[in-house]
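A.B. asks: Before I ask anything, here is the structure I am working with.
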Amino acid sequence: MANPPHGGVLKDLIARDAPRRQELYAEAEKLPAIVLSDRQLCDLELILNGGFSPLEGFMNEKDYTGVVAENRLADGNLFSIPITLDVSKETIDEVGVKAGARIALRDSRDDRNLAIITVDDIYKPDKVKEANEVFGDNDEAHPAVKYLHHTAKEFYVGGKVEAIDRLEHYDYVGLRYTPAELRLHFDKLGWQKVVAFQTRNPMHRAHRELTVRAARARQANVLIHPVVGLTKPGDIDHFTRVRVYQALMPRYPNGMAVLALLPLAMRMGGPREAIWHAIIRKNHGATHFIVGRDHAGPGKNSKGVDFYGPYDAQDAVEKYRDELGIEVVPFQQMTYLPDSDEYKPKDEVAKDIKTLDISGTELRKRLRTGQEIPEWFSYPEVVKVLRESHPPRNQQGFTVFLTGYQNSGKDAIARALNVTLNQQGGRSVSLLLGETVRSELSSELGFSREDRDKNIARIAFVAAELTKAGAAAIVAPIAPFQKSRQQARETVEKYGSFFLVHVATPLDHAEKTDRRGVYAKARAGEIKGFTGVDDPYEAPENADLVVDTSKTNVRTAVHQIVLLLESQGLLTQL
């Protein structure tokens, strides 16, 4: 029999409100709406299907305050992560958000109304306190803290929700079990004990050995329950990961394991997140939950120190084990013993026994370079999936982003680099000069700081898509502001390499060699907002390469860029 849900009752709002669906649908069509972000959609899905039981909506101020300070909802139930609906002042005013108001919650992807929230309250959180209490630090090297300060809006809206419809998914539909569906599935299979395994990474032989070992020790079955909502920036995409999990499943003894996907937006909150994960798995019917070393940790802070200790998460869940009602299965890192061809937890291996390990960094290197990945580490069918999604370095896309004053020589360098890379062959090459983008993509934009930032954001989006497709993107806007250049880097680096080339030709040289006379017009006041004349240029502090066409020619500058690309393995021939 499945584990009772957290709080005693599974808050399956989809099932609860099904008899009123048409009535709620008709009402929502007439209501003002809040369009939900990706994180809010993930949160709403787990509110609606009962994954976040005992929640029945987004937290009001009383619940939020209790969770932040004490891991407690207002009714005393344990809950460790704030589940909040953040909105801007503009949205509050436009939509008419106020206590007692009924607001539709709309899916940004297909414009469908998913639920109606009855507003309990609107409050302004202390985000510094939230960061320190929930995540243990206000350091923006933590992705959740960065999100809190730079993405989450300034006000939170609390209130219960009524379900109109479930979110629509088009990928792996057969693996997307709600808590109620998964409980029924366990019951159908006759499973009494279920060990849940949380992951946001591909699984290899060590993970299989770990989960089988946990099942054997508890005489239980295994739920592989990976997160396919939002994970840590830079993680492998969920499409690749799910194909890996599917490839791995036949390696389990028949009838031992089930794969189900969890649409969770992770916060990488370490100890607090581990408690939250345990609650979610309890709601899905699991009786046991594996908590590993540095569970849901975000890595290192801005000082190079881990945000959390390696076993802080295990300690946090153990502290609340009786109240959680789910047995924690702590585990050490598994290591391979070549002499006996087996995996064991590191704490069970004598110091004189030979062991082998491959780190995540080493695995990524081997995928990038095409080096062998041994069968003792991962199964051939898993490696095949990973290689399909991670081609060798010389088949990956990249972006070269040239920035500098008007007439600094960046356009000439970009054109010459375009010719050079096309001659090299092996991938398609796209050239996006500043003036081309202005005429084709950003013709309605002016030269205010806001419009310049929008222009760079559009360039970054196009470059990222080209990079993702394995192409070389060469872009050459003026891009005078550090913040927009950094945002461009972050956008592109989700999919491939980004190289910032500062064409540091001095302003006086660019102006002196200007044959088109644009600097003269700017000096005469005929052109306003001209970079270097009446608008600033913030020189890059983190350029990957600096060239100066007042001291070197275009051919030499291009050769320097080619050497940079070659040093990263991007131009190496197969």
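Every residue, even glycine, has its Cβ placed from backbone N, Cα and C.
So Swiss-Prot has the following annotated:
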ACT_SITE  Thr199  active site
ACT_SITE  Arg200  active site
ACT_SITE  Asn201  active site
BINDING   Gln198, Arg200, Ala296  sulfate binding site
BINDING   Gln198, Thr199, Arg200, Asn201, Gly292, Arg293, Asp294, His295, Met334  ATP binding site
BINDING   Glu435, Thr436, Val437, Arg438, Arg452, Ile478, Ala479, Arg516  3'-phosphoadenylyl sulfate binding site
REGION    1-170  region 'N-terminal'
REGION    171-395  region 'Catalytic'
REGION    396-574  region 'Allosteric regulation domain'
SITE      His204  site 'Transition state stabilizer'
SITE      His207  site 'Transition state stabilizer'
SITE      Phe331  site 'Induces change in substrate recognition on ATP binding'
A.B. asks: CB neighbours of Arg200 (active site) within 10 A?
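C.D. replies: Its Cβ has 20 other Cβ atoms within 10 Å.
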A.B. asks: Compute the C-alpha separation of Ala479 (3'-phosphoadenylyl sulfate binding site) from His207 (site 'Transition state stabilizer'), stating it in Å without decimals.
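C.D. replies: That separation, Cα to Cα, works out to 46 Å.
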A.B. asks: Which site among Gln198, Thr199, Asn201, Thr436 has the most other CB atoms no more than 10 Å from its CB, taking these as recorded positions?
C.D. replies: Gln198
A.B. asks: Tell me, if you would, which residue among Asp294, Glu435 (binding-site residues) has the fewest other CB atoms within 10 Å in the structure shown?
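C.D. replies: So among Asp294, Glu435, the binding-site residues given, the one with the fewest Cβ atoms within 10 Å is Glu435.
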A.B. asks: For a quick check of packing: other C-beta atoms within 10 Å of the C-beta of Met334 (ATP binding site), how many?
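C.D. replies: So the number of other Cβ atoms within 10 Å of Met334 (ATP binding site) is 22.
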A.B. asks: Expressed to the nearest Å, what is the distance separating Val437 (3'-phosphoadenylyl sulfate binding site) and Asn201 (active site) at their Cα atoms?
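C.D. replies: It is 37 Å, counting Cα to Cα.
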A.B. asks: If you draw a 10 Å sphere around the Cβ of Gly292 (ATP binding site), how many other Cβ atoms fall inside it, taking every protein chain shown into account?
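C.D. replies: There are 23 such Cβ atoms around Gly292 (ATP binding site).
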A.B. asks: Between Ile478 (3'-phosphoadenylyl sulfate binding site) and Asp294 (ATP binding site), how many Å separate their Cα atoms?
C.D. replies: 43
A.B. asks: Specify the count of other C-beta atoms within 10 Å of the C-beta of His207 (site 'Transition state stabilizer').
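C.D. replies: Summing over all protein chains shown, His207 (site 'Transition state stabilizer') has 21 other Cβ atoms within 10 Å.
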A.B. asks: Taking only the Cα atoms, work out how far Arg438 (3'-phosphoadenylyl sulfate binding site) lies from Arg200 (active site), in Å, as a whole number.
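C.D. replies: About 40 Å separates the two Cα atoms.
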A.B. asks: What number of additional C-beta atoms lies within 10 angstroms of the C-beta atom of Arg452 (3'-phosphoadenylyl sulfate binding site)?
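C.D. replies: Its Cβ has 22 other Cβ atoms within 10 Å.
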A.B. asks: Give me the long-range Cβ neighbours of Arg516 (3'-phosphoadenylyl sulfate binding site): same chain, 6+ apart, Cβ under 8 Å, in sequence order.
C.D. replies: Asn407
A.B. asks: Going by DSSP, give the three-state secondary structure for Met334 (ATP binding site).
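C.D. replies: The residue in question, Met334 (ATP binding site), is strand (DSSP, three-state).
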A.B. asks: Given the sulfate site residues Gln198, Arg200, Ala296, which other residues of that chain have a Cβ within 8 Å of the mean position of their Cβ atoms, reported in sequence order?
C.D. replies: Thr199, Val227, Thr231, Met266, Glu273, His277, His295
A.B. asks: Which state, by DSSP, holds Gln198 (sulfate binding site): helix, strand or coil?
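C.D. replies: Gln198 (sulfate binding site) sits in coil per DSSP, no helix or strand.
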A.B. asks: Mean pLDDT over the region 'Allosteric regulation domain' (396-574): what is the value?
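C.D. replies: It averages 92.
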